[in-house]
Structures are given as structure tokens and as C-alpha cells.
Amino acid sequence: MSRFSGALQLTDLDDFITPSQECIKPVTIDKTKSKTGSKITVQADGYYEESESGKQKLQKVEITLQDCLACSGCITSAEGVLITQQSQEELLKVLRENERLKASGDSDKVRTIVFTIAVQPLISLAHRFELGVEEAARHLSGYLRQLGADYVLSTKIADDLALLECRQEFVERYRDNADLSMLSSSCPGWVCYAEKTHGNFILPHIATTRSPQQIMGVLVKQRLAEKLGVSGSRIYHVTVMPCYDKKLEASREDFYSEVNSSRDVDCVITSIEVEQMLQTEEQTLQQFAPSDMDWPWTDQPPEAMVWAHESTMSGGYAEHIYKYAARELFNEETPNELQFKALRNRDFSEISLEKDGKIVLKFAIANGFRNIQNLMQKLKRGKGPGYHFVEVMACPSGCINGGAQVRPTTGQHVRELTQQLEELYKQLPRSNPDNAHTKHIYTDFLDGTQTDKSQSLLHTSYHAVEKLNTALNIKW
């Protein structure tokens, strides 16, 4: 089995910007002086030797996540980069070590293992194993508990909080400067692209609200740790996500807690990696006893653990914020089902609200880098179509078609598979973020809404990455 997910490699997929072939991080290789020259042999498995009078195994070059985040040589995520701490192998190693510590009675070093599962991987795995989504969640929970999980959580509470924070942020920005477009922040592929390619020009437009993954990180490492009476560093937090970019997001310095001396999310695995782990064991989800997911946030759990947020597949930001802004800013009620108008392609759509003959709200959804690039060019030229808010996602069709979702198994076209996943999503119950659970988190943990604590824990900042000119960037 490969050291990392088989899909994590350079691709030439349409509408996907692959990383630069050159990494700008210089790596020093000690060379031996020779009058006759040396021969370097590279084996298929990556083992390579330098031979002259004998053989010398060369040092394996590893690029860490921090190198990748500080680099400006790539456009999107970690494709083609060896990510040593964000793989299924690293996860299984940690779980085995934890079980060994339990068996030896060394309780002081045992960690609490917490898994958080996003809705898109659940839908992908449900389709792969021909299960209902809630049923798949319970079987996956059973599988993860067998691996060593102490808690298995859904992202529902964080999805709700992200919408509440983002809508409030939009209303405040609109009142301060209605001409400044606000762009969503939950997609790390898009954020990475913005930081490295457009820098200080575009960063003021991006919402500061953290993604649901990172909000879950705060809740697990602080709120759950507090309830368990342990330090956040004693919790090993794993998330199951639909794309590899989430691995980079979890490794940002912004999401390292000095209070806990640990990252809010320790490890990210993806839908396809879960499938590979099951394939390695020659198992299916159905073979694991179902187990209820945990709900440690309030005394009374919700009716279900897997929820949809609006009708779009990437968190429902554009829809939810549009409805809230129309009501909050203009006292206008909108239909439950909004009708976004597709423009040049199905991955770019818009909706607007008119009042007294004037467009007062104009929202858009832009999925895929082709549409993102077009949007950026219009903003830079000052010829933007006047959008007040744009939900931006790097993947065509959004998170439901994330780059690490389970692949088609029968020669099925990706578009057809995506449509089937969308149908499963539409069958889920709709979450209303204004609920007793989020209110409890605000009052019991965040000292209320719009407080210094909520601002500190639920928001983040961005950093332009300076383009470096090195010899490795030169193309001969």
C-alpha cells in the first residue's frame, strides 16, 4: 500500500489548477567531488542511490506542511507533496500507540481520541456502500470506535455556528461599506489560492469566520476538554473531510493553540482514505456494528446527527446569508427555496433582491477555479458585477465533489456520480442554525454573541504570501 492516498498526485483534470512542477523550497544535497562523475539511480519506490565506487543511499527529501504553507510555488493544495503527519498511516500509528499505552497501564500518556465527520464524506461513503446516510454514519461510528475512537462527532454544531457568525459579519460589513464584496472563507483551497496569488488586494474581501472544521477544533480542544477535565493537548482530534486542502488548513499556524500547546485539529483523513483503510482490511461499512454518534454539547441531542444546510452542498452560505440579510437589512421575507440563476455554466449562479427599483442585494455562487479566476479578474479591473457576497469553492459542484471523495467504481462519469450525491444530500433534514444548541454554546462557552471570546475563537486572519524569486523558479 502506498505511503499516502493514491489520489494525492499531480493531475490534469479539466478545471483544476495543478501545483507547480518545481517546489521553491531549496533542498541542499551534499555532493562528492569526483573527476569521473557519479551516477544516480532512482528506483520505482522512490529509493535512490548515488554510485561511484560503491553505493550511497541518499537522504529522502520530505517537505512538511509548514514548508508548503510558506511556499508560493503551488496554486492549490498538497498535490505531489509528501505530507507526513496527515495520512492514514500516521493516524493508525497514533491509535496503535494509544492502545499500547492503555494495555501497559500508562494512563498519564493515554490520549482521548475524537473523530469529527463532515456531512459530505458521509454521503460519499453511504453511496459507495449502498446505505442510507444516517445509517452509514452509525456504521462508520462503529468502525472508528473499533479503531480506538472515544468520541465520534458530526460537524452539525460547527456548521450552524459558522453560518451564524458569517451572516452577522456580512450584515456588519454591509452597513459599514455596502460596496465592498465579501467572499466566503470555508474553502481552504480558495483561501490558499487567494493568499498566494492575489495577496493583499483580495484578502480584505474574505470573511474572517473560521470554517466548520476549525470551529470544531476549538470546541473539541477547549469545550469538550473542559467537560472531560483534561488538557486540550491530551485530546487527539481527527476530522474526516471531502478534500485534501483541509489537511493544509488544519496545519496553519493560526490554528495552533498556545493555550493547549497543540493544533485544534491534529489529523485530517478523507473519504477516499477511509475507503482505502476498509479495503486494506477487506471490510465494508456494513460489517461493523452500528453505533450512535456522540453529542457532548447539550443535555438533549438533536433528532438526527446528519443534516443539510440549505440546498447547496457546501454549507449553504450564500442562501442562508441572503435570506438573513434580506430580513435583517430590508425587512424582506424570501422563499424557503431560492432560485439562483445560472450564468455561463452551472457552477456560477447569482440572485438579487430589488427594493424600490434598486438592486440592494446581489449574491453569487462560484465553484471551480475557472469561475474563481474570472471573478478575480473582474474585481481587479474594477469591472465587477457588484456582488455583495460570493460563496467561493475551489471544486466544481462544491464540496460534494471534493477532490478526496470516493471515486466512481463502475466507469461512471464523475458528473453523474455528483448528481447522485446531490440527491442524497437533498433527502437530509434541513438544519436551522437558530436553535437551542447554538444558543447554549454562545451563553455557556462563548460569553454570548459578538463577544471578544467569540471573535477570538470563531474568527481568523489571512496572510499574503510573498512571491519568491529563486533559481528553482526559472524554466529553461
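A Cβ is built for glycine as well, from the same backbone N, Cα and C atoms used for every other residue.
Together with Cys187, Cys395, Cys399, the [4Fe-4S] cluster 2 site in Swiss-Prot holds one more listed residue from Cys243, Cys267, which is Cys243. Around Cys187 ([4Fe-4S] cluster 2 binding site), a 10 Å sphere centred on its CB holds 29 further CB atoms from the protein chains shown. Neighbouring residues of the recorded [4Fe-4S] cluster 2 site, listed in sequence order and excluding Cys187, Cys243, Cys395, Cys399, comprise Gly189, Pro242, Asp245, Ser314, Met393, Ala394, Gly398, Asn401, Gly402, Gly403 (Cβ within 8 Å of the Cβ centroid). Its own atom aside, the Cβ of Cys243 ([4Fe-4S] cluster 2 binding site) has 28 Cβ atoms within 10 angstroms in the protein chains shown. Here the Cβ of Cys395 ([4Fe-4S] cluster 2 binding site) has 28 other Cβ atoms within 10 Å, regardless of which shown protein chain they belong to. Sequence-distant contacts (6 or more apart, same chain, Cβ under 8 Å) of Cys399 ([4Fe-4S] cluster 2 binding site) comprise Ala118, Gln120, Cys187, Pro242, Cys243, Met313, Ser314, Gly315, Met393.
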